[in-house]
There are 2 protein chains.
Amino acid sequence: MMKKYNFSAGPCILPQEVFQEASQAILDFNNSGLSILEISHRSADFVSVMEEARNLSLKLLGLENKGYKALFLQGGASMQFLMTAYNLLEKKAAYLNTGTWATKAIKEAKFFGEVVEVASSKDKNFNYIPKNYKVPTDADYFHCTSNNTIFGTQMKEFSSVAIPLVCDMSSDIFSREMDFSKFDMIYAGAQKNMGPAGTTLVIIKEDILGKVSREIPSMLNYKTHIEKDSMFNTPAVYAVYVSLLTMRWMDRKGGVKAMEELNNKKAALLYSEIDRNELFKGYAEKEDRSTMNATFNLTDESLKDRFDELWKAEGINGLNGHRSVGGYRASMYNALPPHSVTTLVEVMQELERKA
Amino acid sequence: MMKKYNFSAGPCILPQEVFQEASQAILDFNNSGLSILEISHRSADFVSVMEEARNLSLKLLGLENKGYKALFLQGGASMQFLMTAYNLLEKKAAYLNTGTWATKAIKEAKFFGEVVEVASSKDKNFNYIPKNYKVPTDADYFHCTSNNTIFGTQMKEFSSVAIPLVCDMSSDIFSREMDFSKFDMIYAGAQKNMGPAGTTLVIIKEDILGKVSREIPSMLNYKTHIEKDSMFNTPAVYAVYVSLLTMRWMDRKGGVKAMEELNNKKAALLYSEIDRNELFKGYAEKEDRSTMNATFNLTDESLKDRFDELWKAEGINGLNGHRSVGGYRASMYNALPPHSVTTLVEVMQELERKA
Ligand SMILES: Cc1ncc(COP(=O)(O)O)c(C=O)c1O
Ligand SMILES: Cc1ncc(COP(=O)(O)O)c(C=O)c1O
Ligand SMILES: [Mg+2]
Ligand SMILES: [Mg+2]
Ligand SMILES: [Mg+2]
Ligand SMILES: [Mg+2]
């Protein structure tokens with residue numbers, strides 16, 4: 001079997017040792033003689049998985065004992081587009097529009113009240129992060145997207161706002177150090193840095209809840225899930241377990257600080273090749289480049305078939321850009337080994353030699 | 001490692017050969033050199049998993065080419081309590097209350113309109129299925145729960161109604177033959193007969209949709225998911241895959257007909273021991289007994305410690321009854337081998353000899 005270099009945008013590569021443990025637990029979980037897939041979610045073994053996962057997510061972000069609750073919910077980040085507004089939007093909310101996902105979040109919020117788009121980078125097909133916008137102080141909350149998976153831009157600064165700050169961190173959670181206590185709510189679909197598809201991490205400061213006048217159906221109410229420690233109904237047992245394995249791996253490796261160092265190195269390596277090599281150009285504005293998703297194009301489209309052939313022959317996977325951008329996207333999540341980036345850079349250089 | 005006899009109520013036992021394949025796919029899926037956990041949900045390999053799973057679910061129920069769509073959604077059956085009402089309840093809906101889950105479904109429906117409880121077995125702590133109730137013909141739909149996981153009762157007949165018939169089949173889907181085309185909508189959390197926790201099968205007749213006047217947020221709108229073939233957002237990739245493996249297993253074994261034969265045999269074996277053995281009595285009315293979840297109590301509570309010790313020593317797992325019923329519950333889902341039931345019966349007989 002050929003070695004694969006997996007640059008998939010999500011679901012994406014997870015650490016090899018996580019795959020090993022995850023595979024073993026399907027046959028025998030914790031030496032119980034039972035598969036992790038066949039145990040009750042109310043069993044002591046799984047209750048402790050859920051608890052450790054909730055605690056570890058807070059620990060990795062430095063948010064322990066600061067009034068936050070961590071939940072693992074179903075529905076993906078897309079369900080959070082809806083739930084944030086259902087739970088927090090009384091009259092008006094402020095949104096920063098930095099891409100496809102932010103646009104979808106705005107669409108769902110409009111079901112529940114007025115949405116002020118404080119700024120948008122749609123004018124340049126989201127290849128930059130708007131700056132110097134003003135957030136209305138009378139909005140119920142301000143929502144932003146830390147990393148734009150599709151366009152390869154990433155927010156480097158989060159201005160302090162006087163209203164609750166809500167952030168979709170689906171594609172760069174656990175990738176860098178930051179004062180996460182700036183945020184009143186953070187959510188992230190697991191399927192990038194945290195684990196497999198099927199669970200969504202929601203971290204929420206309890207004191208922002210209970211301020212809307214509408215009634216909220218049980219399953220959509222954060223309070224329901226907080227009261228039941230994320231076990232109101234059957235959770236996505238296996239997705240939570242593999243997320244825990246992945247968070248343990250991050251913790252062992254030195255946490256978010258160590259992840260950031262590695263991510264910066266990988267990103268620097270690839271972006272410097274994109275800039276140096278005349279056959280390639282980056283898609284995003286330099287100052288807004290994402291360390292997670294590098295988007296780039298060929299300067300000469302006629303080289304497309306040759307380049308595609310080269311990287312595929314090398315065992316590279318998942319490099320095609322999203323249809324709304326075209327070109328290429330190299331996703332370099334936490335678990336991607338630096339060697340994978342080196343391999344991609346070599347292929348880019350090989351194209352240069354052969355072109 | 002001691003052999004385990006897993007009577008868990010859900011998540012629950014799945015076929016051993018499914019565990020083998022499911023474990024292998026974590027290391028290498030379809031000889032791709034990649035884990036099933038790291039591939040894109042838009043990859044050809046996974047798109048074909050989703051398509052096969054949707055088609056096979058309809059095939060197993062005899063619902064192909066009859067105007068039904070099958071979806072695999074996140075959120076559990078509890079999310080369906082909400083979504084059915086959001087999508088179908090304009091003014092008034094009729095519900096049959098046969099237990100905890102039906103009660104929760106009713107609670108969520110009340111957010112959206114009037115709910116007529118056509119009958120309830122609450123008067124006897126849900127140990128029977130009400131009969132001879134009248135369903136109002138001017139209700140938007142009639143909702144029932146085919147099998148009551150907690151109380152061990154099961155509907156044997158579904159009267160034809162003139163309005164759409166919606167059924168929560170979470171705990172007995174794929175367990176018996178029936179004319180499923182009676183139903184306009186069927187939903188089931190995967191974690192009993194279909195697969196692991198984390199995905200929910202929703203089968204819906206398209207012509208019942210689009211009749212409510214309210215606007216429905218994207219993620220809660222069945223039409224969104226139908227239009228996108230259940231891939232509007234990232235699905236629970238692995239839970240859908242393992243559900244497919246389990247459905248393929250059922251199909252190989254002879255489908256729902258073969259499952260029913262086996263389930264009837266297992267249930268007959270256990271219920272006849274419950275009736276014969278003077279130390280035990282069944283909880284549910286005989287005519288309403290579930291073939292999936294057999295609920296029973298000791299006639300002499302002082303034998304509890306001795307019985308618990310015996311079955312635990314034998315490797316039996318998950319036999320404690322739900323707190324709202326007490327006593328014992330033996331869940332005998334499709335994948336439970338008949339030998340497990342024989343073992344339980346032997347333990348019951350051992351108690352009798354020793355008591
Ligand atoms: C930043 C961001 N937000 C939201 C989503 C949607 O996530 P889901 O598919 O889990 O609903 C994605 C998916 O890639 C994403 O990258
Ligand atoms: C009949 C029935 N309906 C609904 C549910 C709730 O399912 P979930 O936990 O997936 O929301 C269950 C759970 O056991 C059930 O047995
Ligand atoms: Mg985006
Ligand atoms: Mg260049
Ligand atoms: Mg019940
Ligand atoms: Mg008896």
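The backbone N, Cα and C atoms fix where each Cβ goes, and this holds for glycine too.
Predicted automatically and left uncurated, TrEMBL annotations should be read as such.
These features come from TrEMBL:
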type    : residues                                                                     : note
BINDING : B:Arg42                                                                      : L-glutamate binding site
BINDING : B:Ala77, B:Ser78, B:Trp101, B:Thr149, B:Asp168, B:Gln191, B:Asn233, B:Thr234 : pyridoxal 5'-phosphate binding site
DOMAIN  : B:5-336                                                                      : domain 'Aminotransferase class V'
MOD_RES : B:Lys192                                                                     : N6-(pyridoxal phosphate)lysine
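Proximity to chain A, defined as a C-beta distance under 8 Å, is registered for none of the recorded positions B:Arg42, B:Trp101, B:Thr149, B:Asp168, B:Lys192.
Among the residues B:Ala77, B:Ser78, B:Trp101, B:Thr149, B:Asp168, B:Gln191, B:Asn233, B:Thr234 said to bind pyridoxal 5'-phosphate, no two Cα atoms are farther apart than 30 Å. Candidates B:Ser78, B:Thr149, B:Thr234 (binding-site residues) were compared with B:Arg42 (L-glutamate binding site); those inside 10 Å Cα-Cα are B:Thr234. Cα of B:Ala77 (pyridoxal 5'-phosphate binding site) to Cα of B:Lys192 (N6-(pyridoxal phosphate)lysine): a span of 12 Å. Under 8 Å, Cβ to Cβ, and six or more positions away along its own chain, B:Thr149 (pyridoxal 5'-phosphate binding site) finds B:Ala9, B:Gly10, B:Gly99, B:Trp101, B:Ser170, B:Ser171, B:Lys192, B:Met292, B:Asn293, B:His322, B:Ser331. Under the DSSP three-state reduction, B:Ser78 (pyridoxal 5'-phosphate binding site) is assigned to helix. Reduced to three states, the DSSP call for B:Asp168 (pyridoxal 5'-phosphate binding site) is strand. Look at B:Trp101 (pyridoxal 5'-phosphate binding site): DSSP puts it in a helix. Around the Cβ of B:Thr234 (pyridoxal 5'-phosphate binding site), a 10 Å sphere holds 23 further Cβ atoms from the protein chains shown. Around B:Ser78 (pyridoxal 5'-phosphate binding site), a 10 Å sphere centred on its CB holds 23 further CB atoms from the protein chains shown. Neighbour density at the Cβ, taken as the number of other Cβ atoms within 10 Å, is lowest among the recorded positions B:Arg42, B:Lys192 for B:Arg42. Counting other CB atoms no more than 10 Å from each candidate's CB, the binding-site residues B:Gln191, B:Asn233 peak at B:Gln191.
Residues from the binding-site residues list (B:Arg42, B:Thr149, B:Asp168, B:Gln191, B:Asn233, B:Thr234) with a C-beta closer than 6 Å to any atom of ligand 1: B:Asn233, B:Thr234.
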